[in-house]
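Heads up, the thing below is written out as structure tokens.
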Amino acid sequence: MEKEDLKVLNKGEEEEMELQGYRLCRWRLALVGVGVLCTGGFLLLLLYWMPEWCVKSTCTRTTARDADVVLMRSTVGFNNISSSFCQIRYFTFHSTKYYWNDEVQNFEVLNGLEDLQVSCSTLHSEHSAGLNRNQQEYRKLFFGVNEIAVKVPSVFKLLIKEVLNPFYIFQLFSVILWSADEYYYYAAAIVIMSVISIATSLYTIKKQYIMLHDMVAAHSIVRVSVCRASNEIEEILSTDLVPGDVMVIPSNGTIMPCDAVLVSGTCIVNESMLTGESVPVTKTNLPNPLPGERDEDNDSAYNTEEHKRHTLFCGTHVIQTRFYTGELVKAVVVRTGFSTAKGQLVRSILYPKPTDFKLYRDAYLFLLCLVAVAGIGFVYSIVLSIMNKVPAKTIIIESLDIITITVPPALPAAMTAGIVYAQRRLKRIGIFCISPQRINICGQINLVCFDKTGTLTEDGLDLWGVQRVENGSFHLSEENAYKENLVKSQFVACMATCHSLTKIEGQLSGDPLDLKMFEATGWILEEATEEETSLHNRIMPTVVRPPKQLLPPEPVASPEQDMELYELSAYEIGIVRQFPFSSALQRMSVVARRLGEKRMDAYTKGAPEVVASLCKKETVPENFAEVLEGYTKQGFRVIALGHRRLESKLTWHKVQNINRDHIEANMEFLGLIIMQNKLKAETPGVLQDLHRAHIRTVMVTGDNMLTAISVARDCGMIPPQDTVIIADALPPHNGQAAKITWRYADKPSKTPRLEHKTQEMYHFAMNGKSFAVIEEHFPDMLQKLVLHGTVFARMAPDQKTQLIEALQGVDYFVGMCGDGANDCGALKRAHGGISLSELEASVASPFTSRTPNISCVPSLIREGRAALITSFCVFKFMALYSIIQYISVTLLYSILSNLGDFQFLFIDIAIILLIVFTMSLNPAWKELVSRRPPSGLISGPLLFSVLTQILICLGFQTITFLWVRQQSWYTVWKPFTDVCNRSSHINMSDLNDTEVDDHNIQNFENTSLFYVSCFQYLIVAIVFSKGKPFRQPSYKNWPFVVSALILYFFLLFIMFHPVEDIDEFLEIVCVPYEWRIKLFIIILVNAAVSVVVEGAIDLGAFKCLTRLCCPRKLAPKARYMHLAQELSVDPDWPPKPTTTTEAKPRPENGSTYQFIINS
């Protein structure tokens, strides 16, 4: 394969794929056609299952440019796609169109207007007029119809896809074989089971498609008004929108049908569909820098993430708009269809990343082992039959029958049962699951990441107090700002104006923090009505004013003076412009004007460190850092306020277009607002349970680092005696390498403690900026830091996802618990993500809890462990069932006999299915233990357990088979053989009517093996049905106990008290009473040996054996354990405080570093 023919799509992204081009080859197609005919269609099935083989057998390699078919290799596997190549060369994969780009000689995705790297000023100057109809039609060719189409496949399509599953094809082969061997009843039973299984599967899949379709289609097609280049407004269907169209946002609101950027006006939007927060967000128009100010910083290229405060996202609800008279609220369409934010969310649900779990990989390996065992039996039966001159038809049927016995057709149904029961139990405790396969994976979780606000702590904040600053020094803290002497202070003016609150249907709504802060002032907010706005030639500002009782009493005046005096004494502030809160800038600002004043004021609020850096140094108190640290250590959320009088030359129009950087500079520091964020009552107890179970807990939050550390200490995530080391990383600057400075979060009073290398003795904390620098410049150190990293503060949503990936990179099984707001990516990426929000954003999370606290996490892990152990039990039981039956059949083949049709039926239906579906019902153990279940089937103790039970069953069946032939009464059974002395009861005419036994089913060996094997199935079921420490004991599972007791009773009854009708039905023969006693002894000894051996394995017999066989200590498998071992002997770890680590670049990828001790 030539390297240049291999193209890489979506390089560096999550969906990175390799692409190869192929062209159809006629002679290969003809050859495959002949092969399909010769194999009776089996080759076609094989090519359907293996897309890579299909392409390589029917096509020849060519360049990607000239390809008819492209083969793509991704993390999921291979996909072959027929390309639509006319004049425009493209193909569609996972609802995304890839177009051939001649310039880069590769296929690329067209997302929308962002691809053009349009600057903000260009968006205003060149794109705000709209498109003409020709441009719109031309773009529609490329971008297609603007809809997120979730096609619900027809039942027929789903049926064909389901039926062509290799497992069902194997079942079809089994049914045909059994029918040929006249095993009609069992064949019918398997057909009925398969039909029920397929019908259930189809119903579930169809229901999920319909739910998703309904969720997406609810508001997907609406009528919208667009501006055309000819200055006319045209009404079209939202499906006709293309990137570049200018959409008019109606004043009464709408559901957005695309992603669009506001170029004029303001909107109030509910983004709960995307963020999980039902808090209205104010969206302002995209800044349009003046010609003289257009530099790289002020006029950057438009980017959805960077300019999200100006972007209206698809699926979000525009509640109301604010506008100028004569001007409409306009937005330029930037993305349509599946390229939109909502489209990406729907794509992630339609095409999820497969969860690669060791259990499922091992299950296939295990099945391959069973197939190998079947192969041995296959060869054995052919050789045996040829030696005994058996007819060819019988040889083929009986040898193929061995395969169907060894690979049990009921295995997938049995494996699913445990997961279905676990899902039902989770639903009962208010945890809903949209990805049932993840339940098993949750049983392996050994680290849980928690969001802070709304997850560990209460959602709402309470105002604890304020601390004002005057003349560069702090006042004493005050409980509130609701005081007469403060009513006209800049501090209160800032609290009353610097927010994004709005009135919706007469109710104040907005960010909870803003709401608490505004309510604390006691002021009143008034917004202009539509009628008022239309009377003025500009946007009417939102006005705030204090309540009358706080203002000084007005002088008594005559009625003529009333109006004049009112204007003089009224104290109102109008909010002229808002710069919304930006998580990247960590602040928000407003420009406001007091009634009667000519000059405007700028107010800002945000993270204290950020606001202090924007203020004049002389206005920031010298002890600012100590005061702030004092509050954050106590777990308070601190917000700083700043103010600046603006120049009189700044008119209203200039303010509307000015960049926020000009406003947010040279401010005066006003003081601090201290908010209290209480821990949820359940938090400390749950974290204690997780620590007892040796499950690591990590906090990942968007809040301030010291606040986060304080909350981590309060809730017990960081024990009081442990040290917290903060890693401050700085990117390369002015030719200096990137470096990390290490410092203690608390004063290191007990530094020597770090001499003792205990894992729990130290914790790392870092913020999002440091995390980004370490990830880029210290990739090898990042793995060491996440090993003890407990607090990750100021983390952006994508950084939360990167942290989850870093933890998974060192082999942790990661759980994530968040309130669904900015945690969507992390919830999706974690092995077990659980959302505490029931809003639409929780569609991205595999689990959603109805209880809005973290008590659901231990419950989920317990249920996961129970489901995982159930899967192991069922798999081991099904493996033993097939091997026991295989042993019985192989022994009987040696005397040209077999098990009867109704014997198979009784074993497979009455014993196996009943036991499998009831043994999975054990509920989870009531508490989390420190032991973790094994992650895969291919583990020493598990395999040892299965092998020992196989040997025990083989031994006792062989003893039975050989011993029965040694009995004094033994003879080759004939219909008139009477070893039970029942001749007086036998009517000779009945013997004449007896059908000839072609298959030689009825004989003493068959009957003896049937009895022993039936008891063996029940013995291994009880032996493998494990209880404590992961599941409740089996005796509490009454359906299983009752089923097992009924079967024991029935088998003992027919063994000691033969009933002629039952014997006839099961084709078993009468054996002497003393032989039945001997059989009973064999069964008792078998049971005792099985129980003792399994008990010994549980108590660690396997570990003792491995120590004897290989005395040297094995290296830990998990990467994090291996790293912990390395670090425990590293004298430079953990880094000492006041030291610096510098990155030293090296030629190959990655980095190395050296510790530098500061003098």
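We count from 1, first residue shown onward.
Just so you know, glycine gets a Cβ as well, placed from its N, Cα and C.
Features reported for this protein in TrEMBL:
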type     : residues  : note
TRANSMEM : 27-49     : transmembrane segment
DOMAIN   : 112-183   : domain 'Cation-transporting P-type ATPase N-terminal'
TRANSMEM : 184-205   : transmembrane segment
TRANSMEM : 363-382   : transmembrane segment
TRANSMEM : 402-422   : transmembrane segment
TRANSMEM : 868-896   : transmembrane segment
TRANSMEM : 902-921   : transmembrane segment
TRANSMEM : 942-964   : transmembrane segment
TRANSMEM : 1008-1025 : transmembrane segment
TRANSMEM : 1037-1057 : transmembrane segment
TRANSMEM : 1077-1097 : transmembrane segment
REGION   : 1132-1151 : region 'Disordered'
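Using a cut-off of 8 Å between Cβ atoms, the transmembrane segment (1037-1057) and the transmembrane segment (868-896) share fewer than three residue pairs, counting only pairs 6 or more apart in sequence. Counted as Cβ pairs under 8 Å, contacts with the transmembrane segment (868-896) are highest for 402-422 among 363-382, 402-422, 942-964.
Counting Cβ pairs under 8 Å that are 6 or more residues apart, the transmembrane segment (1077-1097) and the transmembrane segment (363-382) reach fewer than 3 and are not in contact.
The stretch with the most CB contacts under 8 Å to the transmembrane segment (184-205), chosen from 27-49, 363-382, 902-921, 1008-1025, is 902-921.
Mean model confidence for the domain 'Cation-transporting P-type ATPase N-terminal' (112-183) is a pLDDT of 80. Across the domain 'Cation-transporting P-type ATPase N-terminal' (112-183), DSSP assigns 46 helix, 3 strand, 23 coil.
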